[in-house]
Structure formats: C-alpha cells, structure tokens
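S.K.: Mind having a look at this structure? Questions to follow.
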Amino acid sequence: MNWPVRVLVVDDSAFSRRLVTDILQADPDIQVVGYARNGREALEKVASLQPRVVTLDQEMPVMDGLTTLTALMAGNPVAVIMLSSHTAAGAAVTIKALELGAVDFIPKPAPGDSLDDFTRQLTEKVKAAARVPVTRLCRGKNCRENTPAPFISPRPGREEAVAAVTGSAAATAAIGSRLSPGRSPGGKEGVAGAVSAGSTRGEAIRPGKGTPAAIKGAVAAGAGRLPGRRPGIEVVAIGTSTGGPAALRQVLTALPGNLPAGIVIVQHMPAGFTGPLARRLDELAALEVREAAAGDILRPGLALLAPAGRQMLLERHGDAVQVHLAAEAGITTLFKPSVDALFLTVAREYGPRSLGVILTGMGNDGLRGLRAIKEQGGTVIAQDEATSVVYGMPRAAVEAGLADLVLPLEDIAPAIVALVTGAG
C-alpha cells in the first residue's frame, strides 16, 4: 500500500478532532487529509479526498456514526476505526459497528486516562487498518443486511439437532465417519485411512471455498494429519483479536445449540466491551453465550467469553472443569485476556480432547498455547488469509506448522461440528 496513510477524522467535537489530528500528524507514516463534523460531511469528504482510513465518532448531529458507517460500506468501502464512549450504551453501539464492517475501535480517553496509551493504540490501529485490503471490507447488500447465512436459524431453540448444521443426520455422520476410525454419531464405521492420501504431517489442508463438498473433503483429507485414534473433543477454544467480533458472530451463529462440547473464547478488548459482545452473540446464536465468571463450569452448548482485564484460566476439579479468573497468568504476555494463557490451560486440562481455533487478529498471541495443544495431541484450525481482516495470529500458527486445517471463515463452523461429532 502507499504511505503515508491518508486519514479523515470525523467528530462533532472540535476538541476531539484536534486531539486525534495532532496525535496522527505527529507520526510520519500518517497524513490527516481532512476532517468532518458529522456523517453527511464525512460521506462527501470520503468521496472527494479518498482517505484510506476514517476515524469515526459515534454520536454526531445530522447523521450519526452507525448510519454513516452503513452508508460508507454500502457505497464507498473504506477502513473505519470507531471512537467509542465508555458508557454501556456506547459499548453496545461499538459492537453493532463492528458487525456492520468497522475494522476496529478505540475508546475515547476519559479524565485520568493515559494519553500515551491512547496515542500508541490509535496510531497502531490506524496503520493496521490501512493494511486491510478493500476487498475484505463489508460492502453493498451483504453489509446492509450483515447476517451471514446460518446453517441453522438464529436461536431456534437450544435443543436444535446437531445434524441441522450440515442438513441431515446422514450428512453429519458422513463427515464424522471420514475423520477417524471408530463410530460416527450415526453409527457408521470410520474410513479415515481411505481418504487421507496426499496429506503429510506439517502440511495444513487448504480447501476450496464455499461448497459442502469442499468442507467435507477438506476435513476428511485432514484426517491424514490427525492422530489415528482420537478421544472425543470436549472443548473448543477460540482466540481472536482485530476483526474478531464479526468472525465470532459468523462462527457461533452457525453452531447448533446442543453442540456436544464446551466453548471458551478470548477476544482482545478493553474493559466494558466483552459483556456487551457476549450479550449480542447470545441474542444471535443458538448456543448460550455469556461473559465468563469465576467458578463457571464448562458444559456442552455453553460458550464463555473471557472478561476484559482478567486472565481466564481453566482448572479441573474432579470431573468438572471450572473457570478461574486471575490478575496474572504466570506467563509473559501483553494481553488481558490472553489467548496463550487460556490455551495453555486448555491443553493441560483437556489434552487430546481439545480443539484450538485461531481467528483473525494482529500479532502472535495464541502461538504458545496452540503449540501446547498440539503437543498434547489436540487439533488446530486456523482461519485463512483471504477471509482474515488481519492475518497475524493465524499466520503465526500456520507458519509454525501447527494448523491441521486452514479454512475460510465460512467453513470453520462446519469443520468444528464435524470434528466434535465425528471424533468418538
């Protein structure tokens, strides 16, 4: 891409416009090409100035942030970073903005907050957003509706059959039977050995996109890389960062409410935003989704999202595995919550019964945890580059040779179901 990054600052507050402009202009890799005081001005200036990134306020006269974002994505897609408030209402609006196509967000500094932290985050996020290809930004009809075609209807009832994910019990059994020896959920003998030709250890499977046949074929081919006799998967651990809320929505809304495995999730977010994200995902998914609390017990059909500002760790007590929330994780990490911190305890408590999923995000958080999962005999799925908003965390896993499957986002939920239900 071309440097410096051209940025349009959109905010009705003169103070906020000046603060953001001064911070960005101090970086030689960033050029503020203009500002707008409301959404209508923003649409006009995006068309005339052609910025690469827009910083967008939520509450403005004439046209608010969400309305502006929707119009931008439908007509003139550009990387958008939302400047959000710390209020509960502001957090809910931010979650909606991420669904509608915003690349990332940053809370406006409150009195007493460190301007150094805000400066660092703002410049880092602007540069990261500038690297996102325009083809990955939400656009047109897909953005206005912004509802991925689910394999099941949103919240049809938490007893929805697992077979609905792939269309029929026979289809689910067919996928599962091709993953490992033994019996599939439908009682058929597995045939993994017959379909594993061409797969070598250390080489991730990369299927074609979009068709059930491609998904089934990829998962079946992946059996050649997986241990021949795996115990049933009991936990799905998901880690993500930039682009994660939209990715989580697509994955979780395509899973059945009675998935026979618990789910634990780390999404890098500041305090005050993980709760609203969990509530929004719970509204949309057939699974039960909630922000994790200390003492929560993992169970099938429940997805627990790590709270911001804490490390979510797992501890086994007898037959139950519980959530432990800690200030520190006993490892060196920049993040709270940390994907590595969670995944390391997943590997410890579940071993070969664990499935690690790494989605879009900056950096390499999760790499140590995925390595531990693999060393304990677990399985790893990584999102592919073409569908990742930022191909950092998945890339680290793929380049380290840890990914059993490298899949486009829309194929990850079917693969999870196939692996979980076909591993018995």
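Placed from the backbone N, Cα and C atoms, the Cβ positions cover glycine too.
Annotations per Swiss-Prot:
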- ASP57: 4-aspartylphosphate (MOD_RES)
- 177-210: region 'Disordered' (REGION)
- 229-423: domain 'CheB-type methylesterase' (DOMAIN)
- SER241: active site (ACT_SITE)
- HIS268: active site (ACT_SITE)
- ASP365: active site (ACT_SITE)
S.K.: Roughly how many angstrom lie between the C-alpha atoms of the residue listed as '4-aspartylphosphate' and HIS268 (active site)?
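M.R.: About 21 Å separate the Cα atoms of these two residues.
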S.K.: Restricting to the chain of SER241 (active site) and a gap of 6 or more, list residues whose Cβ falls under 8 Å of its Cβ, or answer none.
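M.R.: Non-local contacts for SER241 (active site): GLN267, HIS268, THR360, GLY361, MET362, GLY363, ASP365, VAL390, GLY392, MET393.
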S.K.: Around the C-beta of ASP57 (4-aspartylphosphate), how many further C-beta atoms are within 10 angstroms, looking at every protein chain?
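M.R.: Looking across every protein chain shown, the total is 26.
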S.K.: Would you mind pulling the DSSP three-state label for HIS268 (active site)?
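M.R.: In three-state terms, HIS268 (active site) counts as coil.
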S.K.: Suppose we draw a 10 Å sphere around the Cβ of HIS268 (active site). How many other Cβ atoms does it contain, all chains included?
M.R.: 23
S.K.: Counting across all protein chains present, how many other Cβ atoms fall within 10 Å of the Cβ of ASP365 (active site)?
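M.R.: Around ASP365 (active site), other Cβ atoms within 10 Å: 26.
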S.K.: By the DSSP assignment reduced to helix, strand and coil, which category contains ASP57 (4-aspartylphosphate)?
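M.R.: The three-state answer is strand.
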